[in-house]
Amino acid sequence: MDGDRVEIDGGIMEGGGQILRVSTALSCLLGLPLRVRRIRAGRSQPGLRPQHLSGLEMIRDLCDGKLNGGEIGSTEITFTPGKIKGGTHIADTKTAGSVCLLMQVAMPCVLFAASPSELHLKGGTNAEMAPQIDYTVMVFKPIVEKFNFTFNCDIKRRGYYPQGGGEVVVQMSPVKELSPINLTERGTVTKIYGRAFVAGALPIKLAKDMSAAAVRCIRREIRDLYINIQPVREPDDQAVGTGSGIIIVAETSTGCLLAGSSLGKRGKNADKVGIEAAEMLLQNLKHGGTVDDSLQDQLIIFMALAKGVSKVKSGPITLHTQTAIHFAEQLTKAKFTVTKSEEEDPGNDTYIIECQGMGMINSNL
């Protein structure tokens, strides 16, 4: 069997957990046995962390696969996928590891299951170095559903660094195939909205300060738009631990959604958190693309699986996106091209990511 394993070098390019997520999801979908070496070689603590391991275990369980090397700190795994099944699947990082990253690895797989799935994902909902759950619901969900599927995401409990303890339940039905997307017209920004939240021991005043600072920052660039950033205190029975943060979304006339977000931490001034998110949003609006930096790489696997040609206009291509494209091409028959967008102001760093998808068909349906 080993002769037929696809060999993946987990230390190249982005060199982190994303390589593991993309390659194991595609291995599961395509029935390709896999060996991943040098896992997270680019990180200060190489090897599997709890969130990567719980993601791998969930993929193994949802396709009755075999996983070797699945221990914390392991830098090499082999994975042999079985048949993807629906039903209830649980993944618990037991840390503040991101539930959104667990969702990233499982979602493409359960789309091609034989029956509906319910994913119970436990860990951090608003974690550093990962999309916040609010981003997943407010930006990722409406855009990714353009591939012609829907999912429901219920935030049962929020969990913050360091202990986690959040829980999200995702429900999805399988599809026969994914449709390609065309996101090349940005249109004009029509509204800006968001939420600034505090939980646990923090006063609502911090949320109000984050919101006000963000609005002031955006106003310097965008004067005539209504901006609605709601300050929220998370109910105590729906949040574990103490946390704060903000997400701001800009919606355009063509239905594009671009965001900026930031998390509070001890010793970090609330104004600074608000300003960071506002500056990230303005930066994402500046390049003229239809997706922001955080969404860019999350769309790659769906573009690769879809039937037909997908096109997305974006700002500078992130290393995460380059990495996702590299492994999607290595494992599927999808073909990507990235070209500089000509119609923009030459000063703008805008690109078109085009993909001839492999046209994955769900043989279970």
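Using N, Cα and C of the backbone, Cβ positions are placed for all residues, glycine too.
Taken from TrEMBL, the feature domain 'RNA 3'-terminal phosphate cyclase' covers 13-338.
Summarising the annotation, TrEMBL assigns ATP binding site to GLN104. Taking the Cβ of GLN104 (ATP binding site) as centre and 10 Å as the limit, one finds 23 other Cβ atoms among all the protein chains shown.
TrEMBL lists 184-286 with the feature domain 'RNA 3'-terminal phosphate cyclase insert'.
Within the same chain, residues at least six positions away from HIS320 (active site, tele-AMP-histidine intermediate) with a Cβ under 8 Å of its Cβ are GLU14, GLN18, GLN296, ASP297. Sequence annotations record features per position, and here TrEMBL assigns active site, tele-AMP-histidine intermediate to HIS320.
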Counts by DSSP class (helix H/G/I, strand E/B, coil) across the domain 'RNA 3'-terminal phosphate cyclase insert' (184-286): 38 helix, 37 strand, 28 coil
Integer average pLDDT (0 to 100) for the domain 'RNA 3'-terminal phosphate cyclase insert' (184-286): 97
